[in-house]
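Over in TrEMBL, the protein carries these features:
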DOMAIN    6-307  domain 'Hcy-binding'
BINDING   210, 292, 293  Zn(2+) binding site
């Protein structure tokens with residue numbers, strides 16, 4: 001029999017760095033396997049080869065966790081606003097678990113089953129109704145025996161607490177991440193207060209994911225850590241941010257930027273930015289360090305390379321990448337060979353190549369959240385009249 005892998009808490013308790021994977025939804029949308037708008041993960045069942053390959057690339061880049069491609073895989077989200085599927089939520093979740101396990105077994109990686117926020121919560125459904133949605137996904141994760149569970153991408157700590165309360169029934173370790181910045185969740189709960197609520201609900205690992213850039217997310221997790229310690233509680237911490245610069249975002253993050261989601265490329269972080277992020281996160285006492293939307297395998301490789309001294313090894317993908325551009329020593333042009341040094345890349349300010357491109361944007365601040373009429377969800381497709389109303393209103397924002 002193969003030796004049993006160390007679990008997530010065993011690794012974190014020992015002070016090991018755990019590196020997460022990246023943003024499957026955005027990566028697979030760019031590759032033609034996910035539809036922007038619904039952002040649902042039916043590709044796990046429809047195109048398993050694409051999902052499997054992306055898992056492998058993140059594993060090769062140094063990821064210790066293969067997170068199941070189950071983002072927005074709850075039944076209410078899968079059928080929201082006219083999204084027509086030929087697969088059930090259970091089928092998608094099961095396929096995602098099988099793919100993650102297959103690739104995790106190819107290396108020293110764990111499988112994390114993930115649930116995320118629901119349209120039902122935004123539409124003011126009861127805790128019983130929302131928890132029933134999470135329970136359906138948990139049943140699949142239990143059947144497939146994932147290694148631990150993640151409640152991720154929650155704008156409201158209340159819903160995240162409900163998710164944690166259900167996930168902890170499995171007896172498996174539970175992590176919980178909110179998609180919030182330093183202003184806290186959409187109901188004004190501070191990052192510290194949010195973290196305390198999550199730990200008291202049963203989460204052993206807490207942090208943030210998505211919506212904001214890496215350094216903003218690290219600062220937010222530091223606030224969470226301070227809150228937990230002030231409350232006399234203990235937890236491990238994780239961070240899985242965007243791969244985009246977001247200094248101009250408001251409390252709702254990058255979805256309010258006018259560039260979301262199809263014109264974010266000028267904001268992408270370089271691999272060298274990722275080195276800085278990895279070091280900042282580690283120095284802040286965060287041991288679970290990964291990525292979310294915008295992250296590609298080369299970003300995770302950069303995180304792995306920055307933390308190689310602490311981890312004691314480089315990822316397999318570094319076989320094709322010289323540290324700090326060392327491979328450029330082999331380039332035919334002397335001015336390119338001259339860039340084969342750390343100080344060049346650390347001090348570079350990349351140009352956008354767009355003469356009229358502004359450095360920052362004005363977010364679309366509609367200022368609505370759970371309970372507002374604008375956020376009541378529906379199974380039917382958005383009508384032309386509904387779109388016209390939105391187009392007209394958007395001119396005033």
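Any Cβ shown, glycine's included, is placed from N, Cα and C.
Where the annotation comes from TrEMBL, it is an automatic prediction and has not been curated.
From a predicted model like this one, the values you see are computed outputs, not experimental measurements.
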Checklist line | Residues within 8 Å of the 210, 292, 293 Cβ centre (excluding the Zn(2+) site residues themselves) | finding: 23, 25, 26, 153, 179, 209, 211, 240, 241, 242, 291, 294, 295
Notebook entry, point to check: How many neighbouring Cβ atoms, not counting its own, are there within 10 Å of the Cβ of residue 210 (Zn(2+) binding site)?
Noted result: 28
Next item on the list: Give me the non-local Cβ neighbours of residue 292 (Zn(2+) binding site): same chain, 6+ apart in sequence, Cβ-Cβ under 8 Å, ordered along the sequence.
Entry: 22, 23, 153, 209, 210, 240, 241, 242, 243
